[in-house]
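Step one of this worksheet: look at the structure below.
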Amino acid sequence: MPYTLEDLKAHGLSPAEYQQIQQQLGRDPNPNELAMFGVMWSEHCCYKNSRPLLKNFPTTGERVVVGPGENAGVVDLGEGDWLAFKIESHNHPSAVEPFQGAATGVGGILRDIFTLGARPIALLNSLRFGPLTDPRNRRLMARVVEGIAHYGNCVGVPTVGGEVAVDPCYSGNPLVNVMALGLLETPAVVKSAARGVGNPVLYVGATTGRDGIRGASFASAELKEDAQQDRPAVQVGDPFLGKCLIEACLEAFATGAVVAAQDMGAAGITCSTAEMAAKGGVGIRFDLDRVPARESGMAAWEYLLSESQERMLLVVQKGREAEVMEIFHRWGLQASVAGEVIAEPLVEIWHQGSCVVQVPVRALAEDTPVYVRPVLPEPPAYVQAAWQWDPATLPPCDCQGIHLAQATLAWKEVLLQLLASPTLASKAWIYRQYDHQVQNNTVLWPGQGDAAVIRIRSQRFGVGEVPPLRASRKAIAATLDGNGRWVYLDPYEGAKAAVAEAARNLTCVGADPLAVTDNLNFGNPENPVVYWQLALACRGIGDACRALGTPVTGGNVSLYNETLTPQGSQAIYPTPVIGMVGLIPDLKCICGQGWQQEGDLIYLLGSQALTSLGGSEYLAVIHQQVTGRPAPVDLELEKRVQAACRHGIRQGWVRSAHDCSEGGLAVALAEACLSGGRGATLSLAPGSLRWDQALFGEGSSRILVSVDPAQRSAWEAYLEAQLAGQWQLLGEVGSPADPLLLRTAEEDPLLVVSLAAMQAAYHGAFSD
């Protein structure tokens, strides 16, 4: 073997994988070919550890136009409108260069959308950081937010929603997941399969440099404590060039001359040529000397592994290349004929007049390693210990508060502490840095509803024309949801809960949930405990998606989210993030989360009994414990609760709707007060529950709604038929001067807290 073990390790390959390469080639690979195998056989590109588990996901449905395998999923919204959507991660790059790591994460996911022929219309993000009391974490968070805002604002795509959570497990390894949505402009989806022997392959976009080299391999290994040395693996983005690329590509696609398109993301030219050829069952001959370079003296392997941003490969009809290139030149972009489609299924790379790579397409893109690892037959020790936890071990509590050893902590103080915790606190400081109204289609923006709502406007209009409003007044809703702590304590139920919460958030704004894109953020799959977490989480996602009728159209897997330190390896919580889109039939029937009118009746849909303190924010913040077992998800009840909420919204009975999730019922009530600027008076009976569980216990299948009192009879008759007693009337909405007043059924006070006090706590965690 001409390579040492250190050589293989540098490329992320094992000795066994090198033997596979030798067998497939019938020889040793040359250094350029080895570099290509290193990135194409990385977890980031070939999903060698997760691919068998992803087969558990449902991927087809009545509205699915494009499922997994293309640059993004596509669903049919009716009336000729198709929606493309996808989520991606940029975790490792954001850890070492947070501004560019986050910014290029936005640029990359936008390319996945417009590569299909869709105009990007919205962005969302899901972020995880370590405690903000650590200056490093706070700086990292600020730079990530700045990077997201920079690219999204400059490229002209609104950032309309997302989520942020804070936990010590993310200190060394933050998570930056970005989701994008787009509406198809082309009559058909632009696919990535190269076709037509002799058709030219065009390189378009920005020039190629040395930034981002081996970025895919970097994303497929644990972060080292001295991760700053990996900064060259982080790409550098240009949103203004990205905007030009969007317009040029959509204009080129409209000519009908483009046969296939693929963005140059992870693994750059290597991945684009191999995947386009593999999907088309053809080969590609490519000449690196025709690639516009921004640096001199680049070696072949540097061209092949560069992940310079804002670049695309196009296969165009022979004879029409000049027509397409003129479009890109007019937009100030590079465009050159750098290759051609060939019949023999090979990736053939030329450099300085010599053939430097000749590899079977299947070896790079299809016959990659797949590892089916054994799944632990029973939960690991940490989970079994957590499940033995009993709430009775907590200090006693009553209607006055929790009686800690040093003093009684009143429920008002508990609520204020929870509202001030970074995971629950207002994220206004973050989302105010994002332009969430550019394009003028955002109907519900951050802080107004449980999901973002975007108006659908025609995307098929000429330059300089104003897009017409649709007579049908349809809209799209989108959300991102995840709870790493729940998945850590129960991967199966925690993953189910993430899917259920995403659907519930869409329901709360009046949308029918349609489909899912998922981002699986986990640790090292070679660790049996991590693989068990991953396997059970995938099973939970699959089961929940089947039950709720939300097929998975694609997604992203981000493994090795661990930090290697002298003390060992620190892994993140297993954190699947669910991106879900929904359809609102009529914009007249949407709902925000805040109270609307004084005197409206407040109802809780769902069962208080299906809650738990296990894994709750209350347990973590007040008692500094991460233990217990999260509440199981009753998917049948979930469907009925969501159906009841949507029906109430569309009948005009329900005036506000808000999901009860992190922080439990009391926090949901406070959020509805703060969002609507009104107090409320309510009565609560704990039943057999402890008071802290009744107030702050967490679970699925619960929605808080306010209802027009004139519709009480019709609403309650419908609820009883639909939910059979699994609902309760809690109280009524007050005025802007009223506090949040919670009492027992016997009229004893539980908590009284003013809007001003709640606002002060809620808006204090994130600020300059």
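Placed from the backbone N, Cα and C atoms, the Cβ positions cover glycine too.
For reference, Swiss-Prot has these:
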| type | residues | note |
| --- | --- | --- |
| ACT_SITE | H44 | active site |
| ACT_SITE | H90 | active site, proton acceptor |
| BINDING | Y47, K86, D518, G555 | ATP binding site |
| BINDING | E88, N556 | Mg(2+) 1 binding site |
| BINDING | S89, H90, N91, H92, R111, Q235, E307, S308, Q309, S558 | substrate binding site |
| BINDING | D112, D263 | Mg(2+) 2 binding site |
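Positions of Swiss-Prot features highlighted on the structure.
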| residue | record | contacts (Cβ under 8 Å, 6+ apart) |
| --- | --- | --- |
| Y47 | ATP binding site | L54, V557 |
| K86 | ATP binding site | N71, A72, G73, I109, D112, I113, M179, A180, T517, G554, G555, N556 |
| E88 | Mg(2+) 1 binding site | G105, G108, I109, D112, N177, V178, M179, N519, N556 |
| S89 | substrate binding site | G105, L175, V176, N177, V178, N519, N521, N556, S558 |
| R111 | substrate binding site | N71, G242, L245, D263, G265, E310, M312 |
| Q309 | substrate binding site | T104, G107, G108, A206, D211, G212, Q235, V236, G237, D238, L241, G242 |
The residue listed as 'active site, proton acceptor' to D518 (ATP binding site), Cα to Cα, whole Å, comes out at 14
Taking every pair from Y47, K86, D518, G555, which the record gives as binding ATP, the longest CA to CA distance in angstrom is 17
Apart from the site residues Y47, K86, D518, G555, the 8 Å Cβ neighbourhood of the ATP centroid comprises L54, P68, I87, E88, T517, N519, L520, V552, G554, N556, V557
The rounded CA-CA distance in Å from D518 (ATP binding site) to H44 (active site) is 15
By the 10 Å Cβ-neighbour count, the most surrounded of the binding-site residues D112, D263, E307 is E307
Cα-Cα, N91 (substrate binding site) versus the residue listed as 'active site', nearest Å, comes out at 12
Expressed in Å to no decimal places, the gap between the Cα atoms of E307 (substrate binding site) and H44 (active site) is 13
What DSSP gives for D518 (ATP binding site), in three states, is strand
What DSSP gives for R111 (substrate binding site), in three states, is helix
Record-listed substrate binders S89, H90, N91, H92, R111, Q235, E307, S308, Q309, S558 have a maximum CA to CA distance, in Å, of 21
